[in-house]
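Pulled from TrEMBL, these are the features on record:
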- 217-362: domain 'NACHT' (DOMAIN)
- 772-813: repeat 'WD' (REPEAT)
- 813-854: repeat 'WD' (REPEAT)
- 855-896: repeat 'WD' (REPEAT)
- 897-938: repeat 'WD' (REPEAT)
- 939-980: repeat 'WD' (REPEAT)
- 981-1022: repeat 'WD' (REPEAT)
- 1-21: signal peptide (SIGNAL)
Amino acid sequence: MGQRTATGVLTTVLGLVEIAAEEIPFPGVKTAVGGVLEIVKGINKTKQNKKALATLRDDLYQLSQSVIEPLSKANSATISPGLRNAVDTLVDGLLRSADEWQTRSKKPWIVRFFQRQDDSDDIDKFSLSIKTSKDRFLLASNVRQELQEGKIIGQLDDMGTAARMREISALLEELNPVKAASHQSLRPTGGGVCCEGTRVDALQTINQWMLDPAASPLFWLNGMAGVGKSTIALTVALGAEKYWVASFFCSRQEGSMRDSARIIPTLAYQLANLDAGLKGLIGNSLDAHRTIASESTNRQFDKLLLEPLRSLQAGHYPILLVLDALDECEDRGVAELLRVIVTATSKQDFPTTLKILVTSRPERHIRVVLAPSHPRGLRLQDIDKNVIDSDIRIFVDAEIARINLELELEMETDWITVKDKSSLVQRSEGLFVAASTMLRFIGDRGVGDPKRQLRILLGLQKAPGANRYEQLDQLYLQVLASSVASTANKPEVLDRFQKVVGSILLLKDSLPVATLARLLDMEAGSVRAALANLHSVINVPMSSNESPQIYHTSFREFLTSSDRCTDKDFLVVESVHEARLAQCCLRLMHAHLKRNMAGLAGALDPLSQETKDKIGSIISPELSYACCHWGAHLSRAKVEDKALTKEVEIFARQSLPFWIEALSLLGMVPVAQGATRAAHQSAPLLSCSEEVTTMFGDIYRLLHVDSDVLEASPLGIYIAIQRSPSKSVLFKTYSSQWPVDRALDPASQAAGIWSMSFSPRRHEGRGRLGGLERHIDWVVCVAFCPRGTCIASSSHDKTVCIWDIATERKVHVLKHPAWVNSISFLRDGSRLASGAEDGHLRLWDALSGQLRETIEPAYGPVTCIRFSPNGTLMAAAFFDTTIGVWDAEFTTQIATFTGHTYIVASLSFNPDATRLVSASWDATARLWDPSTGEHILTFEGHASGLNSVAYSPDGRRLASASDDKTVRLWDTATGEELAVLGTHSHWVASVAFSPVGSYVASAAWDGTGAVWDTTTLTRKTTLVPAAVPSKTNRRRFSVRV
């Protein structure tokens, strides 16, 4: 359809909608529809993208046919209250669509903390919002019922339901589930189900637990490595036909499958795809909690699993969750997950139809959580040895039959006897992994001679000693020795083994053979050759596009333990191989990374879908791996290696910005923080230059400040470097290489609001009082004096300015030797405290501007400073997470405490100074006794770091502002979240209560402030600063009372 036709049809549709809207008997609908139509008319006049116009036309037509026209024929006197509610919701949705369009249409093209919007994208979003309002209206149960009863003309078909299901499916994908971790996947354990006739007692015990409604909802199957836990778990999961089963099979070999944070989202994703009703309930929860994927484990378990399951109607299938091999997760998040499960299962409202099967080794961090709760359980090593040997004998018989079939042998008695089978069982020593390894060795198709392989195994002498794994270790040694026995060039083969197998053991994500070869700068044939004789311990794929997988984690543990792998030719020294992999990654990045790899036209252009679709051709799989994991390898390379040091130096001096750009293209910018932190810590150990060490610290700090720009646009890194401190090593190294036109610098075009403060004086009806343009760098904190007659501002220009509000003139300039990050007035206004980047606390006479005292703690840069409301205490937070408390009058320190795991950004005292709350970038707020440092409560719920926190004047509530774009209220007595007041479109940087506690003000990086009514929990006012000259934007601030 041509442009002229698209706009013409849209004009026709507009006319039809207007006619129908005139007849709607519901107050508010006509106004809402009219507002939408006016926007559509404006869009139509601009002759925008024809595809976007066609989509808008179709959605508007559907709104007309399925909603507006039926409503226009309804009798307002006879409709139900339920339908009225649905209509009200529709009106709200349409008005919100109109408001969001107006907001987007006012945004500037170049942004510092705003992303450029393509016009067609805006139209698509506007169209989608109309469609969503329509679909939700039609899906309301009362609307469906009244349509079916004929009270409104028209029929509801499956369109609305299908649309909602598609919407939920999209939300579920945002959970980022690990699809390979499911029992339905081909790769959960690398093994199969229990051989028929084996593990009968264990399977019966688990089955009886599943059928017993009075049994504990939690079952713990534990045992040492190799006893068959995962095989039993897979058998249970696949065999539970009359259950809804969701599972997560952990594996050290896959990064995503050893991340405990991915478990609950993955389980929710699987459950949602088992039943439409359950999908709808989980979808509703996702609608209500859009940031749930990154929230706490406790909140995820409650909102994604428990709440939807409690809402299920009776009669549904029972539900089984299988969590296998939790000991293979790297982080200690497993303990937290188990604590959440144990707590939930002990409560009365735990869903009676839900059962949870957990398997693991009895590792201490798992044992200390599960053992005290006394779940139903089974220790596999406690099963009678005769029973286990009988099971292994059945397994041996089945595998020998398979070997005969695969190798086309007529009679097994030609190569194996009953005695031989008994020997294999005996040598397994109760470990199924040993039995399966021996049988893979015997049946190796590459050798094709099971009799020869059997003789090698049976010639192995049983090792003396009490170590349960000694026999397994001897088996592994025999397999390894056999793999090089017939080679003519043993040193070369061993070197290849170390490079290839050592890398496979330590990769953070499994890689296909071809990709691994390119990462290691080897030929794919050489990688295959290194694995050719190891089929009994490594699953070697036929295709070079598939990944080799270790059959069992015990092989990795064996190879990396000098106590167990006694043949040093095969011992994999982890630090050496981590260094080698780090070096490979760095060399690869230096060779292939360059500026503007995607050929983007604008410095801050976001990625188009077309560019996203071709990222795989721009960044190869091995380069992607190197970009994402070099830091992890470097942090574990605890060896002095001159070659590695050289690569780190080259990378830091020549490729650092290219790497950030590549991560932005990959959507992996958050990885950079961990990598640069690791590099900053490792550089001195590698004897890197002080300049390079400092540069990693510079880029680490830059990532915290500008991560949103870097995520929005791959080329944002070059602008961010230009805006970094001019004395930093990072700036000196790279700024001259890529000069950036200041017109393209988003900081000169738009700015977020960093700090918000309420005046203690009542509103006088004057609106914005003025703009104070005197700082020459970022203004990071503002504070009213207690009388409300003056205001202080602190800046990265190393000054604090005190202003007279009435005259809008500067009264004092308080000079510092470093950035001033925070300020606070004493309650009588006589003193002002400032905290600076040099780590010093300074007390000033606010009336004369004279410095009265300097306090010099040794905790690093000051992030926040606060006087208590009663004037008795002063608290300060520092970059190293330390919080200190001083007597405000005598400036003697009375307490020091820590507890946060990341930077403490904000502090607030309650009215009588008996409590102090701290807000941190670790996404929590903590409540303390400031006189003792005792930790009292933790406030959890935000999905990202907290930037600001404020006590209400009565001390009963707490307001918090976070990078998750929300403002939240909390109960200070219980730590319970009371409400999410609302959201901004970007990070919320500051929050403050009004003097009587009726309102909360918030300021965000989207350039707006907001005032929220704490009673109705609604937005009262949006504050948008007046336009200012481009080059002073960040240095200007407005005063409102």
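Glycine residues also receive a Cβ, built from the backbone N, Cα and C atoms like all the rest.
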- Contact set of the repeat 'WD' (939-980) with the rest of its chain, CB cutoff 8 A exclusive, min separation 6+ beyond the ends, reads 291-296, 298-299, 902-903, 905-912, 915, 917-927, 986-993, 995-997, 1000, 1002-1004, 1010, 1012, 1014, 1017
- Item | Tertiary contacts of the repeat 'WD' (855-896), as residues 6+ beyond its ends and Cβ separation under 8 Å | 818, 821-828, 831, 833-843, 902-913, 916, 918, 920, 928, 930-933
- Looking only at the repeat 'WD' (939-980), what are its DSSP counts of helix, strand and coil residues? 0 helix, 24 strand, 18 coil
- Task: Please spell out the DSSP helix, strand and coil residue counts for the repeat 'WD' (813-854).
- Result: 0 helix, 24 strand, 18 coil
- Secondary structure of the repeat 'WD' (981-1022) by DSSP, residue by residue, totals 0 helix, 25 strand, 17 coil
- Message: Can you break down the repeat 'WD' (855-896) into helix, strand and coil residue counts using DSSP?
- Response: 0 helix, 22 strand, 20 coil
- Message: Mean pLDDT for the repeat 'WD' (897-938), rounded to an integer?
- Response: 93
